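What TrEMBL records for this protein:
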- A:76-104: region 'Disordered' (REGION)
- A:79-104: compositional bias 'Low complexity' (COMPBIAS)
- A:140-162: region 'Disordered' (REGION)
- A:148-162: compositional bias 'Low complexity' (COMPBIAS)
- A:181-308: domain 'TFIID subunit TAF5 NTD2' (DOMAIN)
- A:355-366: compositional bias 'Acidic residues' (COMPBIAS)
- A:355-402: region 'Disordered' (REGION)
- A:378-389: compositional bias 'Basic and acidic residues' (COMPBIAS)
- A:437-478: repeat 'WD' (REPEAT)
- A:510-543: repeat 'WD' (REPEAT)
- A:552-593: repeat 'WD' (REPEAT)
- A:594-635: repeat 'WD' (REPEAT)
- A:636-669: repeat 'WD' (REPEAT)
- A:678-710: repeat 'WD' (REPEAT)
Amino acid sequence: MIIIVNLGCTAAWWLARSPSSIIKGLSVWIRTNRVAGSCAVRVLFFFNLAHAHFILKMAAVQGGLVDANEEKDIKSEPANDTWANNNANDGRLPSASPGASAAAGAPEDQQTLLAVLQFLRKNKLTESVEILRREAGLPEDSLESKGADSSGAGSGGAAAAAGEDQPDVNVVLSAYSQQGDPVLYPVYYSGLKRFIETVLDCHRAELSQVFYPLFVHMYLELVYNNHESEAKAFFEKFCGDQECYYGDDLRILSSLSKREHMRGNETLLDFRTSKFVLRISRDSYQLLKRHLQERQNNQIWNIIQEHLYIDIFDGIPRSKGQIDAMSGSLAGEAKREANKAKVYYGLLKEPEIELPLDDEDEEAENEEGKPKKKKPKKDSMGSKSKKQDPNAPAQTRIPLPELKDSDKLDKIMYMKEATKKIRLGPDNLPSICFYSFLNAYQGLTAVDFTDDSSLIAGGFADSTVRVWSVTPKKLRKVKSAADLNLIDKESDDVLERIMDEKTASESKILHGHSGPVYGISFSPDRNYLLSSSEDGTIRLWSLLTFTCLVGYKGHNYPVWDTQFSPHGYYFISGGHDRVARLWATDHYQPLRMFSGHLADITCTRFHPNSNYVATGSSDRTIRLWDVLNGNCVRIFTGHKGPIHTLAFSPNGKFLASGATDGRVLLWDIGHGLMIGELKGHTDTVYSLRFSRDGEILASGSMDNTVRLWDATKAFDDLETDDFTAATGHIHLQDNSQELLLGTYMTKSTPVIHLHFTRRNLLLAAGAYNP
Amino acid sequence: MAEERRQKQCSVVLPTESMKAMAESVGVGQLQEESCVALSEEVSYRIKEIAQDALKFMHHGKRRKLTTSDIDNALKLKNVEPLYGFQSQEFIPFRFASGGGRELHFYEEREVDLSDIINTPLPRVPLDVSLKAHWLSIEGVQPSIPENPPPAPKEQQKAESTEPLKVVKPGQEEDATIQGKSQGATAADGKGKEKGLIRLKPRSTHELSVEQQLYYKEITEACVGSCEAKRAEALQSIATDPGLYQMLPRFSTFISEGVRVNVVQNNLALLIYLMRMVKALMDNPTLYLEKYLHELIPAVVTCIVSKQLCLRPDVDNHWALRDFAARLMAQSCKTFSTTTNNIQSRITKTFTKSWLDDKTQWTTRYGCIAGLAELGPDVIKTLILPRLAVEGARIKAVTEGPVVSNIDKIGADHVQSLLLKHCASVIAKIRPQPDNVEQYRTDFGYLGPMLCSHVMKARTQAALQAQQVNRTTLTITQLPHPDVPSAGDPVAAIPPGNKVHCHGNKCRSRLNSAGHHPQLLSVSFTKLESDGFCQNPFFGCLVAEVPEEHQSKEGFTVVGYALYFHTYSTWKGRSLYLEDLYVMEEFRGIGIGKGLMGKVAEVAKKKQCVRLQLSVLNWNTSTRDFYAAKGAQDLTEREGWHLIRFDGENLDNLANDAPSD
């Protein structure tokens, strides 16, 4: 079963990748799983059979696509650039017939295949090599002669590198083969700069986008071709022109001055393997193209063709403000197609649970003099949940765990509490209760509350996880097995009897991790706790026995965040290895791997309907993934720093994100648009939370403040006409000041977690730093 | 600027000399220049790479400070073994040395005596993490409790009153103002108005919440009530509570009205209480009174110069009140006088005018002179000294002339001693020696001879002090000066102690603002004064002074103090109890605390005490470690002592239960 699931998800994963990233992915795979033991390797064998097929299919599809593109000639993509082109199809399933043979692919594809084969062989996966080779219809000696082959296919610079080490991978990755006169680089660049400065105002902003990627690639080309001093001069001359929000990347770039440095530098690898995406209007693009052709400026033209993906749209060029709002990510903006897939953002139908009329409760109400006001409310709630949201996914789109009796009880509790919920609004701000962690010298790194706000868990840099009860009910362990035998299993209060009173305490410490705990999450039923750590594992803890149940291994690098699905059972994790993994608590292998981010995944969050997960990353993008098929269905760009927190609105329509740049951005999931920008924080925003009804957005930050924002207004003011939706060009008003409802300073306590109780009381948590 | 910096960043490379040094340290003797260059570039690059990764760990650790563990984790990412043994709690600075044409930066490694380590008691186990909840906001309004930062920081209050136009600017400050001032509804109002082009500050009615009204009632009642203990508590609360901002207008009205009524009724006690309230308000570090000076200053001035403050002017000590109020006046002039409001010059003019008036009564005359004298030596020099002769003649007329009335005589006496007290020190500074009685007589008339003797006394004292300061950079002096008189006078002047006390209060309030147990502070400044500097002082105090060139940022030369008193053990005999040991933060870690401790111990030895005891709060680990390192035993841990206290009502009850004798 496990293996089948694995096959499914990995297959989907592979499908979504272009061949060049397959190499990368494979190496990640091998790297991460070699340690995991023989079992993983066996699994690898299994799906190798399958994915070899997929690789072939991909090759075929590419062949087909190239033809189509050439006919359309909209993007004026060069014929030889099939890989990244395929990147654009991230969400699309291959529709071309798999019948076409690999031989139909371009010669580069064959070369890719050879590289894949070589890679597999190097990792001693002989069986896979054999099968892949057979299916590709390659002669047996093709591998033997590949050294010569590849150096022949790759050009000058690459061949030299090929001899040194890992020739196969190098050939695939070496993109800076052509070489111009290094002295001319600054001339070319400043020529283009002059040209762009002289064009009409309306085009200038758009064309200026070209500067940064061009600058980076020209610099890398110089470095790659060992023109160290020229590269340095080039960098110093032009780095001041770049937009300030690329500062972090430029700093990394500046430290790199040797070809050897390029290998192994992940930031650069991203630059070279993925294309930088720019959105430019047709008019502006024509202008640029004409200029470059007139000047015969091949150097720049080549870079634009090879390393840039220009997403051309019809209509008026965008303004500087519009561009700035969307740019800033590591690899440019998201392509428009990337956000076109349909997202079922609606909520799942709530299971119908009869609300038992609690007599005592009713009486109490009567005494208070509010006789039957509750009744109609309950009815309205019931009817609301009965309606099927047209945007909601099918109830069974992904299998969800069945409700247990205890879950039903909890639901009832929830509904009861919900009737007592305070309606919030600009005139009715929530009260905030702040939980300060005192004496947390070791460093508080993560906090989570249970949904019913009865427990708090804290993750610490000293590898411990601590759980507190914030209600008078103390934390108790289950009795030992021997004692459990003595209990009368038929008694009514058996659940009470199994608890060991002697162990009752207000807090419990969970030891097990061997590195700082960065992510923490309670299961919705409050029986489990997840924690992710620097040691690369995610641990599942039982809150009945306060012991570790499972250690999920797979990331092998620090796991920055993890979260339980709102329906339990599933959970998502993401970390330094740039892959988000979807797990089920009863599987020790991930069910899905979401790969596509170009840098660490810093935060992960489940959509309220459990069908989607959102991941934020240090590459300054947010991606939304479909749990069912592993596709990336949305890419949001606009943040200028690593994203550290995400929050879905309770109705599932909107997403809020906070980053180190101190801004909070709001996104419309259905349309795939940025719809708001909340400025005010002066440091990293570490936590965001919508109130239970979604009227208020609370944000907590490193700058020691909690801020409340008018979410209703932010979403109401929205004008999403068809045009904006179609082009994705938004006009953001600067209305942060109007939307800000309150700022509450804490006393030198960074706010790292926020939580709305079921009655809309806001809980905040952080460690007091005297 | 930023670009320049960036360019600098990209060119930073380790010097090749370090490569050579490192090569030598691992036994590679001759390293070629080329290899050095290559190596240093490579190493610089790798170090930068690791630093980049370490930053990630810092961000995820939710810290602003990069730590060695971040570097370790970053190394682990790269599959490099972390550097062990570099976690030091202390900051080890780089030392610099040059010689032999080489410049060296190195860590100074201390020689550690092993026996020291073995013999020192184990460091105390750090406290466990705990969780504490408080209200950050209640329905949109931040309650003023010690857990929250003060609603409107003092700087902002100051800016608001001195530069009202500047304050209204978008952003954080503005929000804080609005929240600090108004309830939820008015906050919303304010927001609405901000939308308009002209940013008007919302005219909010200062509505006090029920709790605040209650507090106000309790405090004012306690302040003017008959129970001294309660009053002390109330004044303490006014002087330290961070949340009084909203009640300030009420307090100031209360004081000004109170003074107006009680002056008419000649109720001296109440006037003293009200002045103490003013003092407490001024002492509160979170308040800025500028806006309320129009009410407070007239009240204070009234207490200084009013013709009659008490029912029996010949018996009651209203002079002390005048002195105290004059000091308050001087303090507010110092803090609030600006070029725009000209408080000091206006006040000076008022005083001089009524002093010069011939018909002015002796009481008013005394107040005017006291008010002027408190403003500082410059004022004394320019305004009082030239009039000494005239004033002397007038005093002479009363004392030696025909008896007018007893009251006038007493008044003249007091004016005389006041003039002598204030002028002597100033004259001692500006007049060259030697002091000739005849010369003084010609210069100052009737007061001349007396002045002369006072000046001489002042000179010898100053010389003594100067000697002390010169001898060591750090002076630890015992506070209760033998020549400090006037037991029973609630507001006696204590020249050297004064400074320390203000300062002590400040230290305490600083402690307070750090968020620890403000309820510990219950003794007011005046009480300290009267308890410590009477005939049988309740405590002794040592202060640490630094020479003026090392003074603290706020300009204090007294940078630390130790307060102690005697206790007695029926088992062991005399012992000393150290109540307070405080050293300002800037001066910590250079041995002042140790010095003070040593001096206290010396006092103990001198007085034949067998032990020195003190108590320290649980959370104050650094101090506990300090004492432990000095060899102190922890009695709570060792013998299970509990600190027991009766106070307030319980103490009253206990006293009431006492059998009558």
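Cβ coordinates are placed from backbone N, Cα and C, and glycine is handled just like the others.
Just so you know, TrEMBL annotations never went through curation; they're auto-generated.
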In the repeat 'WD' (A:594-635), how many residues does DSSP assign to helix, to strand and to coil?
0 helix, 24 strand, 18 coil
Interface check, the repeat 'WD' (A:636-669) with the repeat 'WD' (A:678-710), three or more C-beta pairs under 8 A:
yes
Residues in the domain 'TFIID subunit TAF5 NTD2' (A:181-308) per DSSP class, helix first, strand next, coil last, are 98 helix, 7 strand, 23 coil
Could you pull out which residues elsewhere in the chain have a CB under 8 Å from any CB of the repeat 'WD' (A:594-635), counting only those six or more residues past its ends?
9, 12-13, 16-17, 21, 25, 90-91, 266-267, 270, 274, 328-331, 334-335, 338-339, 341, 343-348, 392-393, 397-398, 400, 519, 560-567, 570, 572-576, 578-582, 641-648, 650-652, 655, 657, 659, 667, 669, 672
Could you give me the DSSP helix, strand and coil counts for the repeat 'WD' (A:678-710)?
0 helix, 19 strand, 14 coil
Number of helical, extended and coil residues in the repeat 'WD' (A:552-593), per DSSP
0 helix, 22 strand, 20 coil
